[in-house]
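Participant: This is the feature table in TrEMBL:
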DOMAIN    25-189  domain 'FAD-binding PCMH-type'
ACT_SITE  168  active site
ACT_SITE  216  active site, proton donor
ACT_SITE  286  active site
Ligand SMILES: Cc1cc2nc3c(=O)[nH]c(=O)nc-3n(C[C@H](O)[C@H](O)[C@H](O)COP(=O)(O)OP(=O)(O)OC[C@H]3O[C@@H](n4cnc5c(N)ncnc54)[C@H](O)[C@@H]3O)c2cc1C
């Protein structure tokens, strides 16, 4: 990779620590790292990496990721293209738009439908890929259209149904298409009612830990919530080095300071083993584990 001329990529960094770019604060270096602010820049980096055969990982806000301690070989591209506008009962937003800004824009325009997103970190691109949401509402239901860059470098428009949204999943996890832009369909409502619903959601979120985390570690199996199963195994508060199963919510692993990826993986393995032995249930990770192992 040393002979490749990266001159055309603005602000390129070498050996960038990914601990700085994940909400867990964990992750070794990316060989190459760039932040893109516009869709043309994004397309340029993707085409460059494909031409040069450089593996590429797309990063939103890193709020659903566990990155290996050895880091990531190839390029990590952080998507920060964030143009957005409200238009009638729709919001059109680029993939790097923070969910927080979207919720704010919806409220300013008296548009309802995104209240459940309050308190979920990350970008709309990451949220679409993982169909982020709560127990009974998810972003996929709000999607009218998603514009993607496909594996052949073509821009395609997909309907909500095309995206194949499921529980914390979408087609994008398989196809590796890159989300560029999203059209959300919302409904007019009074700002008072929207604010009221947002306040209710925020109140429900007070059971989540304040320390660094990547949100829920495991998907909820159909039998019982993962947090309940883990708690019943007596694992709340269990600590390996600085990684801890949150004493507040057992489906969160928090980084108390110096935790690394191996510490978190050991806790994950411990949890899976105990839950399987006690309940016969195999927990499935919700977080994405990436990098070199
Ligand atoms: C405190 C806390 C609370 C949370 N609560 C919730 C919750 O209630 N519900 C919930 O669903 N999640 C929750 N999460 C998890 C997380 O915030 C969401 O999954 C979020 O949608 C991830 O977005 P991101 O931009 O951070 O994606 P990242 O973590 O950066 O990436 C996630 C995946 O999406 C891919 N990706 C990102 N952007 C793109 C793109 N533009 N095109 C293609 N692929 C892309 C990445 O390659 C990666 O595979 C929580 C996390 C934290 C830390």
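Glycine residues also receive a Cβ, built from the backbone N, Cα and C atoms like all the rest.
TrEMBL does not curate its annotations; it predicts them automatically.
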Participant: How big is the Cα-to-Cα gap, in Å, between residue 168 (active site) and residue 286 (active site)?
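Facilitator: Residue 286 (active site) has its Cα 7 Å from the Cα of residue 168 (active site).
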Participant: In Å, rounded, how far does the Cα of residue 286 (active site) sit from the Cα of residue 216 (active site, proton donor)?
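Facilitator: So the Cα of residue 216 (active site, proton donor) lies 7 Å away from that of residue 286 (active site).
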Participant: Which whole number is the mean pLDDT over the domain 'FAD-binding PCMH-type' (25-189)?
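Facilitator: Within the domain 'FAD-binding PCMH-type' (25-189), the model's average pLDDT equals 97.
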Participant: Is residue 286 (active site) helix, strand or coil when read with DSSP?
Facilitator: coil
Participant: Where does residue 216 (active site, proton donor) sit by DSSP, helix, strand or coil?
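Facilitator: Looking at the DSSP assignment, residue 216 (active site, proton donor) belongs to a strand.
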Participant: I'd like the Cβ neighbour count for residue 286 (active site), meaning other Cβ atoms within 10 Å of its Cβ, all protein chains included.
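Facilitator: I get 20 for this one.
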Participant: For a quick check of packing: other C-beta atoms within 10 Å of the C-beta of residue 216 (active site, proton donor), how many?
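Facilitator: I get 20 for this one.
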Participant: Would you mind checking how many other C-beta atoms are within 10 angstroms of the C-beta on residue 168 (active site)?
Facilitator: 20
